[in-house]
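One structure is given below, encoded as structure tokens.
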Amino acid sequence: MAWVPIIPLVENHGVLLPHSVATVKIGLGSGDGMTKQKNETQTGATRELAKRSRALVRLLVEAGGGLGTHGHQDDAHGWLQDRPEELPDPSSASAMRGERSGAMSRKAELSSAKGALLCALTLVREGDRWAGAETVRTQVEGAGSFEFYGVGCVCRVLQVRVDRGRREATLAIEGLARARVKSVTASSALVMGHCVWPRPDPSRHGPSMRDIRRLAEALYSVQKGILKAQNVPSDGLGKLTKSLWQLAAKSDASEVPMWKAQSWATQVSDLLLASPLLDKLMSRTQRLEALLVTSPGDRVRTFTSILQQKCSDHEALQLLRSMEKGGDGGAAGTAVAAGRARTGRARSGSAEDADEWDELEQKLENNLPKDSKVYREAKREFRRVRDASAYKNMPPQPGDNMMRKWLECVADVPWLPSSTAGNGAEGPESQHVLLRAISVMDERHYGLKTVKRRIVQYLAVQQLLSQARSKGEGGGKGARSPVVLCLVGPPGVGKTSLARTIAESLDRPLQRVSLGGVRDEAEVRGHRRTYIGAMPGRVVQALIQSKTSSPVLLLDEMDKAGGADGGLSVRGDPLGALLEVLDPEQNHSFVDHYVGHPIDLSDVFFIATANSLDTMPPALRDRLEIVRLQAYTPQEKAAIGVRHLWPKALSRHGLAGGRVEGEFEISELKPEVVEHVAESYTREAGVRQLERCLASICRHIATKVALEAERKAKGGAEKDAKGTLTFEVGHELVNKVLGEPKVASTSRRHLARRMQTPGVAAGLAWTSSGVGTVQLVECCSMSLTAVVAAGVEAEGADNGRVGRLTLTGQLGEVLEESAQIALTWSRSQLTASTPRRARRAATREDVHVHLPAGSVPKDGPSAGVTIAVALTSCFHGKLCRADTAMTGEISLHGAVLPVGGVAEKVRAARKVGISRVVVPEANQREAREALQDGGKGEKVEVIAVRWVQEAIEACIEGGNPWAAPSERPTPSNYGAGGQQTLLSRAVDAKL
């Protein structure tokens, strides 16, 4: 508490508020009052109050703060001393101050005009008082009384100026803080007030975050509505509004202390209350109302309500004017009401938004585990974003929409284990799972016995593990099968449909995650939440779409993810990101970058598909159990076409049943017709192209049926003499619809004709479409051709020259290396007993190796044996057997190495009519199993070899020409290194 001199403010001075600077003009003439009040007669109390104001000015000037018109303080002080009748006696002021114990001394109070403390109180005018307003009254002897409002502003004097000509003094004062005046005493010299400074606790009485956002919204509405309409610059107000909104957001995120946000909001409201920018928006009464509120929170709310009311009135006025301009004056009241109603909706949000927020909150409560970190973060962010979205007039903040999307994503993720029997988190618990799986797979898939058996085994293990967990055995939830099936096979053999069958057998939803062409690691792990357009990874998206924590997740085309360099790029390695997803020891806490919290993937049944394993990293292949799907045989394609593809094609083209009484009739499709279509018009491992061919036949029939129906409808009673249309689906109709065969068939007679020249051998190859084929390898020695043509031998013309190797036919690097190894091995077989022509062709003459069909790229490690046999045939001038085809890779010492795709290769040989195939010994079992499928063709003999000499012995007419008949090698006299022991004896004989 303290006694402070009072500077009275009348209506012309308005209201002094904290943080504001004001000027108060006080008349110094004998007839002047405190201010220039026009058209009013000063009462006795007012005159007495004016005298005390002039006395206050005199004290301030004496303290050294007065500045005259010309800037001379002494002149101003002397000018005041010449008018003693206008000012009270200074001694009376000293006596008054002495009468008050505890009051400040004159030197302590006004030691310097700059910095002197006063209390600015507003006088109560007639009709200005409202209910609840606190006032204080003081009595002036012999002149009546006057009344002040009980809350004023403690101010600091900045400057005192005295103008001689206008006979007035101007005080520049700065509001510091509110002060509650307990009592006012007016002596003969000054008016003194007994003041206290209220200090409310900001944590208890400060504005809430909701109040701060409402204030920011109201300021934004004033800026964009009222001030913009009046062309008042408001850039500073916009910056303050933005700072308020950001401060509230940071305070919710615990980045800024709560008290700091409350303090800043209070200062902003006080500054704007005293700002000239809002002079036209706020009346004197409203400013007084804001001044009298001492609680910071109540003051902010009062200021906000005043601004909101002004915005509502402004919008209603604009609507009224627009209606009047449009000529609909009768709707003026409706327009005003509509404007106020719409403003109310803008503040509180629409009912639809409220329903959406309620639904989101309910999903968060139901789907998230209550004791988890993600639940606590989601609830905190939900409250913040919901409160921010309630203010529609505020500009959207960049983080709010992103956070709302994140909340919707988190609410949709299946965090809790599924409780239904079919989708249980503990594996397939429903009865007869195995029987249903066997039934569905046999019904929908023909053949594939090995694949079906492996899938049934997996389901059986899962069922036993589920039973063990239900009994509390087997290690609890951690007792899970670590197997992730990977179906590898050519396109169109049923990998995706098999995964769909597995999901149906388990009664789980199937979600397909296509990885083909994925180059960004964020596609698997998700994007960082702060990025624009961020979204969760494809694994989490699949979980959200399945709405269960235990779906069947199909990772389709896994081998096509990543770049050509194995997946490494500047955007990460998507295949490397799959390691955590597929590892049973890690995927129970998989962290998606967007979600930011661990997600349990241990209940998900992963199935991967791929066409090849070559592009997969070894670490990823190690986590997969490879189940290979072979290409369909012609007989399997025929059965699939008759049982599945043809009925589906008829149904899709409106020809279901194959017969409509009185309209058309379609004959039964025979397996040999489907086999003819598969062999003559398709070259594929699967049945996709076969399905397209059958669809072409159905379109042809549907066109005929539709035209005939229109013809009959147009002719009326006249009917076609032919009656019912009948379609015989046979070779004739197939050739008519599909045209000439698209795939040229290779016969044994054609191969025999091509192989009537030395240097031509029949090899077996595996194509990119997943089927096998017979590939001829042609070799030619340049000088040998010239000798045969000229009939002479150019002896000595190129002594010392080593022949060159030329390769053509679009060969890849691996195939080129195989040809070089075969030539090197052939040259290493030269001995003293080798014919002179063979020695010359192998060492001195240029060799050209060509693989026909040069427009087709060729590569792979399975042509070494074929090239070695073709080179041997070329060097020795002996023919290769036309009934024998071969496959296999060779080492530099002549060992035959195993290769892939043997099943497709031997089936291709049988289809052509070849009766003998030479395969590596390690592939012997696979080749024999492939020939036991009951396919048509001659019986094929499988010859397994370990060394390239054995292959040459079986493939060239007359046996191995590298050794004399007495030195012909047997399997028992091949060395461990692959070289013949007879070569060592020949070298010993030379030495």
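Note that Cβ sites are derived from N, Cα and C of the backbone, with glycine treated the same way.
Taken straight from TrEMBL:
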ACT_SITE  S862  active site
ACT_SITE  K905  active site
COMPBIAS  71-86  compositional bias 'Basic and acidic residues'
COMPBIAS  333-351  compositional bias 'Low complexity'
DOMAIN    755-958  domain 'Lon proteolytic'
REGION    66-107  region 'Disordered'
REGION    328-357  region 'Disordered'
Neighbour tally for K905 (active site), based on other Cβ positions within 10 Å of its Cβ: 30
Cα-to-Cα gap, S862 (active site) vs K905 (active site), nearest whole Å: 11
Averaged pLDDT, computed only over the residues in the domain 'Lon proteolytic' (755-958): 84
S862 (active site): tally of other CB atoms within 10 A of its CB: 27
